Amino acid sequence: MGDRVTECTARLQQQEREIRSLSAEIESLKKPQNPSSSQHLDELRDENAKLKYRLNILKRSLQEERPTSCGKSMTNINQRLQEVFGEAIRASCPELDDPPLSVAPNQQAKFGDYQCNSAMAMSQMLKAKGMKVNPREIAEKIIQNLPENELVQKTEIAGPGFINIHLKKPFVSKLLSNLLINGVQPPPLESKKRVVVDFSSPNIAKEMHVGHLRSTIIGESMSRLFEFLGYDVLRLNHVGDWGTQFGMLIAHLQDKFPDYLTSSPPISDLQAFYKESKKRFDEEEDFKKRAYQCVVRLQSKEPNFIKAWNLICDVSRAEFQKVYDCLDIQIIERGESYYQDMMTKVVKEFEDRGMAELDEGRKVVFVPGQSIPLTIVKSDGGYTYDTSDLAALRQRLFDEKADMIIYVTDSGQSTHFQVVFAAAQMIGWYNPQVTRVEHAGFGVVLGEDKKKFKTRSGDTVRLMDLLEEGLKRCMDKLKEKERDKVLTPEELTKAQRSVAFGCIKYADLSHNRINDYVFAFDKMLDDRGNTAAYLLYAFTRIRSIARLANIDEATLRKAAETTEVLLDHEKEWKLGKCILRFPEILQKILDDLLLHTLCDYLYELATTFTEFYDSCYCVEKDRQTGEVVKVNMWRMLLCEATAAIMAKCFDILGINPVGRM
């Protein structure tokens with residue numbers, strides 16, 4: 001199969017090159033330069049006609065190759081319509097260099113399935129060039145120039161120039177069959193990219209809090225999306241594991257556990273340990289001096305001080321891992337300490353290029369267009385966050401050879417990253433046209449009082465306390481619904497973890513990450529509306545339809561290959577189209593990194609399925625005996641396709657559905 005796809009891809013690329021070449025030749029033949037005679041002009045016209053003929057053959061050949069070239073990949077219907085209408089738009093208005101292309105799903109089914117809204121904008125562009133053309137005339141021209149295609153049944157012009165598009169039912173039915181036979185596959189990948197996602201990033205010796213929760217959940221989901229699309233993903237945890245605070249922590253460790261080198265110190269509460277050392281640092285002058293000496297000896301990498309540092313880091317890592325285990329997070333730790341030796345080279349590079357300058361004893365880098373400079377060396381000779389972030393970015397570009405680097409941190413750091421990225425471009429580390437480096441910022445988590453999420457005493461909420469509270473509330477909810485009477489203890493625990501952690505993740509991901517959001521357990525665990533609890537119950541119910549009709553997986557697989565998915569009922573048609581919008585949704589998220597779009601789609605799919613299930617019998621039973629008398633297999637296949645897409649959405653969101661709830 002792989003060889004066939006490679007061969008087809010090569011042929012497609014060759015044909016596309018020939019089409020571009022021939023198109024250019026035709027354009028040049030349309031405008032002959034000073035023809036010496038009418039005979040020469042006739043020859044050119046003959047040649048032009050031959051080229052046009054050959055071009056049409058190549059285009060037809062390209063059209064025939066299209067389905068096989070994509071292999072098992074899902075088709076992005078919107079993208080395919082943009083290709084078809086893009087060609088028609090260019091042909092209908094050659095005087096516009098870059099005509100606008102706007103194709104979107106139609107909001108009202110009675111007006112068709114998709115809509116092309118380019119004609120109005122094209123009319124405005126032509127008006128600016130001194131040509132007055134009615135948008136409806138442009139729409140007519142676009143329709144006349146539509147190439148032969150496999151997906152458009154008919155088009156209609158509405159209002160000032162909207163083009164309503166109706167899809168062919170056999171085309172949609174075939175795509176659903178392909179989905180059922182091949183499983184949920186990503187759209188075709190142009191090239192396999194290396195993606196670095198920097199997320200979570202807690203500080204050693206400090207508790208993880210709700211800000212880290214957002215970064216962790218969002219970063220993990222983005223990573224899962226990139227992996228599903230076929231990218232090579234490196235998840236990095238840029239922990240705060242270096243700096244002056246380690247001086248006071250090591251000095252306090254020496255005093256409290258003098259035998260720490262031979263027996264591991266029993267630090268049960270690192271947060272309290274940190275507070276104790278900070279109090280001493282602020283109040284005891286001798287301790288403060290010794291803390292500074294400890295920093296110098298740590299930075300000199302003296303073995304005893306490196307051991308003390310490792311002990312403190314290990315206690316924190318164990319605490320972080322509890323959170324990551326609950327949330328099913330896979331991540332590689334690469335803290336600030338990893339980049340220490342690289343910082344010297346970064347500073348030297350900026351100095352050698354004449355981009356670093358002295359400012360009150362500090363070495364700073366001013367970036368044109370940015371309001372604040374980067375401080376790359378402090379007045380005491382130490383490095384800063386600016387230096388470590390530059391070193392990390394450089395390492396990811398040159399050593400990891402990343403094509404895309406995404407930083408998932410709170411929006412408060414957006415200015416900092418903006419300056420870091422601008423400095424990296426200024427020194428020539430990357431070209432934003434080639435490499436995508438982006439800060440995916442997010443808002444803060446608020447309590448139900450709409451203030452920053454805190455405990456009643458005003459302290460930061462410990463993340464593990466929050467997760468344990470979620471588990472407790474979820475179990476109460478399951479028992480309230482008497483699920484403990486129908487599920488085994490093992491099934492009950494699985495359902496508890498699935499719903500509790502799924503609800504916490506979904507509550508975050510279903511909000512636009514740029515905005516602040518209110519953390520409310522009661523709303524999260526509600527099984528009505530756009531919540532994980534509702535969606536997990538809906539998914540379990542859909543999965544149970546085939547089981548209750550005694551239809552096993554093998555039967556469904558065979559039916560997928562032999563049964564046509566009929567879409568005659570309006571609710572079948574609506575559900576079929578909704579299922580196939582999945583690749584469009586993924587493309588949108590890839591463009592803007594806003595995951596709430598996937599949650600909105602998942603909820604829309606679940607509610608569209610409910611409409612279908614309420615209107616279309618999948619299994620017909622005898623009213624007296626309850627025995628199955630008829631199974632409408634094409635509808636069972638629609639159930640199966642819905643469940644398959646929902647399962648993939650859950651997977652990308654990091655939510656684990658269970659078989660029984």
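The backbone N, Cα and C atoms fix where each Cβ goes, and this holds for glycine too.
Lifted from TrEMBL, the feature list:
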COILED    5-61  coiled coil
DOMAIN    79-167  domain 'Arginyl tRNA synthetase N-terminal'
DOMAIN    535-661  domain 'DALR anticodon binding'
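Secondary structure of the domain 'DALR anticodon binding' (535-661) per DSSP (helix as H, G, I; strand as E, B; remaining residues coil): 87 helix, 7 strand, 33 coil. Applying DSSP to the domain 'Arginyl tRNA synthetase N-terminal' (79-167) sorts its residues as follows: 38 helix, 19 strand, 32 coil. Per-residue pLDDT, averaged over the coiled coil (5-61), rounds to 61.
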